[in-house]
Amino acid sequence: MTLQEQIMKALHVQPVIDPKVEIRKRVDFLKDYVKKTGAKGFVLGISGGQDSTLAGRLAQLAVEEIRNEGGNATFIAVRLPYKVQKDEDDAQLALQFIQADQSTAFDIASTVDAFSNQYENLLGESLTDFNKGNVKARIRMVTQYAIGGQKGLLVIGTDHAAEAVTGFFTKFGDGGADLLPLTGLTKRQGRALLQELGADERLYLKMPTADLLDEKPGQADETELGITYDQLDDYLEGKAVPADVAEKIEKRYTVSEHKRQVPASMFDDWWK
């Protein structure tokens, strides 16, 4: 088995999918998991990007079906901007599409800035822009878990195969969640699910960005990665990609393995 095939298997990628079938499977997963855990529903941060839009709509469909079947579940969508988000219109469009039971907004700026100032005062140096970006992601995680803990809700994560293969998420930030309904999907497959669900094309054709950096606001994921999502998707779907691209992907996969595992102990062998 080639490394490409090993990665596809590890990340549960299917080269060809039926969007209707995938939607059904993922809604059922959300329903089954919330019932099994005894939780009261879900909470998810909504950025206005493709991934949170898709996960949010799946979550809302799941809780509606649970209620229609005589159960009780709620979905809360939470906006988590840092000051003014330049694509706020997209976030509002996403909320209109998702139609969450409840939605709220929590500006993380005062929390992030207070932490950054305290860090500088105590340690005598400023956080790098990259590290501050990770703090933003982790404050967002803390906020979602505060809401979830207060209301008995599970935190949904938006990680999918194209992020997982590169480790393109913040450890214990956007990587911190209770369940991952998008696991196994490539970026283009996620777009196909949104199309099937009737989303405005603006929500899945926009340039993907983590938007965590103050010095490079709105920087494209592809710029930061040095790899395009089409290349990642082709690789994950078992297609041929240029040798240098495959090498980049495989290197990122190897060095980011710790992000896809629980914290290492001396009894684990995945890190050896």
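Here the Cβ of each residue, glycine as well, is placed from N, Cα and C on the backbone.
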Exercise for review: May I ask you to find which of ARG57, ARG67, ARG79, ARG138 Swiss-Prot records for the deamido-NAD(+) site already listed with LYS171, ASP178, HIS258, LYS259?
Suggested key: ARG138
Exercise for review: Name the one residue among THR2, THR74, THR158, THR166 that Swiss-Prot lists for the same ATP site as GLY45, ILE46, SER47, GLY48, GLY49, GLN50, ASP51, SER52, LYS187, THR209.
Suggested key: THR158
Study note, to complete from the structure: DSSP says ASP51 (ATP binding site), in three-state terms, is helix
Review point. Using DSSP, would you call LYS259 (deamido-NAD(+) binding site) helix, strand or coil?
Key: helix
Point to revise | Nonlocal residues around GLY49 (ATP binding site), in sequence order (Cβ under 8 Å, 6 or more apart) | key: ASP90, ALA94, LEU203, LYS206, PRO208, THR209
